[in-house]
Amino acid sequence: MAEPGHSHHLSARVRGRTERRIPRLWRLLLWAGTAFQVTQGTGPELHACKESEYHYEYTACDSTGSRWRVAVPHTPGLCTSLPDPIKGTECSFSCNAGEFLDMKDQSCKPCAEGRYSLGTGIRFDEWDELPHGFASLSANMELDDSAAESTGNCTSSKWVPRGDYIASNTDECTATLMYAVNLKQSGTVNFEYYYPDSSIIFEFFVQNDQCQPNADDSRWMKTTEKGWEFHSVELNRGNNVLYWRTTAFSVWTKVPKPVLVRNIAITGVAYTSECFPCKPGTYADKQGSSFCKLCPANSYSNKGETSCHQCDPDKYSEKGSSSCNVRPACTDKDYFYTHTACDANGETQLMYKWAKPKICSEDLEGAVKLPASGVKTHCPPCNPGFFKTNNSTCQPCPYGSYSNGSDCTRCPAGTEPAVGFEYKWWNTLPTNMETTVLSGINFEYKGMTGWEVAGDHIYTAAGASDNDFMILTLVVPGFRPPQSVMADTENKEVARITFVFETLCSVNCELYFMVGVNSRTNTPVETWKGSKGKQSYTYIIEENTTTSFTWAFQRTTFHEASRKYTNDVAKIYSINVTNVMNGVASYCRPCALEASDVGSSCTSCPAGYYIDRDSGTCHSCPTNTILKAHQPYGVQACVPCGPGTKNNKIHSLCYNDCTFSRNTPTRTFNYNFSALANTVTLAGGPSFTSKGLKYFHHFTLSLCGNQGRKMSVCTDNVTDLRIPEGESGFSKSITAYVCQAVIIPPEVTGYKAGVSSQPVSLADRLIGVTTDMTLDGITSPAELFHLESLGIPDVIFFYRSNDVTQSCSSGRSTTIRVRCSPQKTVPGSLLLPGTCSDGTCDGCNFHFLWESAAACPLCSVADYHAIVSSCVAGIQKTTYVWREPKLCSGGISLPEQRVTICKTIDFWLKVGISAGTCTAILLTVLTCYFWKKNQKLEYKYSKLVMNATLKDCDLPAADSCAIMEGEDVEDDLIFTSKKSLFGKIKSFTSKRTPDGFDSVPLKTSSGGLDMDL
């Protein structure tokens, strides 16, 4: 699509050529008419032109800078005898502001009363409709052809005239307001703008007649601090196209406030041949005016007036009105109550006042009267830290003392004042607070009181209209946090503000709480819509600098000047700010004592040390505990760290050093997540607004390590898009363990980088690391992700954020499931829940799954086994391999292969066969031997039995057997007890006679002496 300014540039050039041709065309027509009259002498005779029938114009400037003044009839052909052309003024000639060029005598004359001029300029201050020459265009940010359909959704997203100003769009479309002008000399363009919301990109730039933009130093507009601001840019001679362009980047439910522009003035244009009448509601009471004044309240004026007219008594008008309105009857919505300051008697008066400006009438039927004032009541006590003087005013107690609102008391020895501001009694507005009213119609401050004191609370008074912003501001010069807090670079809390409030509304009222740092634009922190019961809100302050806190209440957003809902109010009961520099104290807190020559004095404990209340000495917190730095009293101030975490050196936070252990009945699993310590990013699926703008939720995560330092950074660069590469600019950023931002990619925006906006912290502190699904009230449902299939439970990191919102009363929480996935190399992959593509299903609890091989347990001896090879060539190898599937990472390495000397199976086979053969032979020999031996013994035994039966023998019984044939006389037969095999062998070898026969001893049955036969 062509650049919008290009077509306007062309039209400007065409218009310039047309302007140069006009005088020549008129002269040609006049010459043709005269010639026609001469040739047609019989035609009707034309009268001489009167001054009212023609006007003067200049011809185009020639190369020498000269031009001619010519008379041009209003209607060609009606008259004749026009004045002859004469030499005109120099092309560079111009009149001053408040003057116009009288073309008759070519001199500057002052404007008459009721009129004004800018000299060589033009002004646009009426925006009931788009002025002539302006163009309003809209486009979708998508640059590709796929956005053609969504572009149609942006046709109505344009700049809208609203009477005194023109307002930009508030959606994600790009709206452009353009004006083309041809300058005869160098000039300026200046305008007023109201730019309160940084979620809109607002740029103003100028293109010259070569369609080249001028210097970009003033292109990107800065947000306005208070009300309207003035902006001016120099213009070069020639064609200039002015662009006011806005694009909103608020893709959530919050609708940003539009950019407003008014009073556009351009100088350096062609001469002004007449003065402009003052618009209704303004006047010029003297000649030579360069601007018109506004009519005061209760007066009006018509167009071109020299003075304003007073309204009738029964009518009223606001400042700059063109008419008067009838005063309505006064109601109870037209007045409010307040309290006077305490008098010398310690009493205050209840006062009723009409809301300003008073537009109602007390004389009409049914009108209410202002209630009687002057009822006296006793003054409430002073606020804590203040004391009451003799004239019943409240003054702050000196440093080193405290009070509950009565008398000041010195802090006891061993204590120090806890300085701050605690406002809970509202008899007068504190000196460091101010209140005003910002008009919801023209966004100008009215110098009125927006909040009124009412004893035990402060509330919103009645404004000029229901859409006015009732503003209350508290300014704190700085903070004085404890020394232990200042030493902790990761703990961002330097102080906190707590206030109790309620809203009572019948329509769509809104209460805004905003914070400004170093006088920068107030940033909305929280918004409450509709009626809210009495409740408390706490905001943590993270920067030690001058800070302003602002409460703004708007009864309705309807763009009308009416006062119908003044009974809709916001009330603030108390405001408490801690650790305020030069503040006051309502109590004294224990401190560490330091001995000196003059006694003992308070000193600060080192970081990570608590104060013993009894002795005033400093003691280090135990291991694995952190110190509550803002209340470091007693050992109970040391809070234990969660599972899987430990404290840092100064006991300010608990962190995980990227290690974890899980015990089971059979073994201990150790983890090391060091490979996952670096920050990683993850983008959710694309989302689209109602206008078709594509955006992503972009997450940045830092899991562990780094001594607990938060490494994830999310930024808001909406107002910093045009900073050149290599240069730094201001952009809001937050640091956390896990943060989220809304990203519009560069291919959509067309800028050098994608737009990052609305950064949010999701994890400010680590609660613990465990395999349990619930910890400290935070649950990580397993069903949000695909189930684990390896039998190794997920290790879950639990975090909490410090941000507390209406929808997340306990703050946001984040869980990161770290799952062992051996096939995914480092760093692995991050996943969002399948059912909640933005990481959360409720907006408060965010869940992530991180799968990686680095999430597996460390390898140990239980994760591998040995494989022994066969013996080859006398060598045997033992190889160690991982068990499959391998479910570990890192840890120990596999042992080296082990080589041993061995015997082959052939050798052992030969040895076995040889041993078997020998054994068989030996057994055979022994068997034969014993068989033969047994045969001999059997034979001898049978002989003895036979001899024992010979009872009829004549000879006396012999003690030995007879010598048989073939037997040796020397053989002895002895009956012995049973012998073993080896005993028999021994006997055999020892009794063998030299002749080869055995000697067997015999034993008689009577046990007598052995006898040799």
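Any Cβ shown, glycine's included, is placed from N, Cα and C.
Within the list Asn391, Asn404, the entry that Swiss-Prot describes as N-linked glycosylation site is Asn404. Which of 575-595, 911-931 counts as transmembrane segment depends on Swiss-Prot, and there it is 911-931. Note: Swiss-Prot links Cys844 through a disulfide bond to Cys808 (candidates: Cys808, Cys871, Cys888, Cys902). Neighbour list (Cys844 (disulfide bond), Cβ cut-off 8 Å, at least 6 residues apart, same chain): Ser807, Cys808, Ser810, Gly811, Arg812, Ser813. With respect to Cβ neighbours within 10 Å, the disulfide-bonded residues Cys311, Cys739 differ, and Cys311 shows the lowest count.
If you take the CA of Cys295 (disulfide bond) and look 10 A around it, you hit none of the disulfide-bonded residues from Cys311, Cys330, Cys342, Cys714, Cys739, Cys820. A Cα-Cα distance of 78 Å separates Cys820 (disulfide bond) from Cys278 (disulfide bond). Same-chain residues at least 6 positions away in sequence with a Cβ under 8 Å from that of Cys856 (disulfide bond) are, in sequence order, Tyr671, Ile792, Cys820, Ser821, Pro822, Leu887, Cys888, Ser889. Among the disulfide-bonded residues Cys308, Cys658, Cys704, Cys714, Cys739, the residue whose Cα lies closest in space to that of Cys278 (disulfide bond) is Cys308. Of the listed disulfide-bonded residues Cys278, Cys342, the Cβ environment within 10 Å is emptiest of other Cβ atoms at Cys342. The Cβ neighbour count for Cys330 (disulfide bond), using a 10 Å radius over every protein chain in view, is 22.
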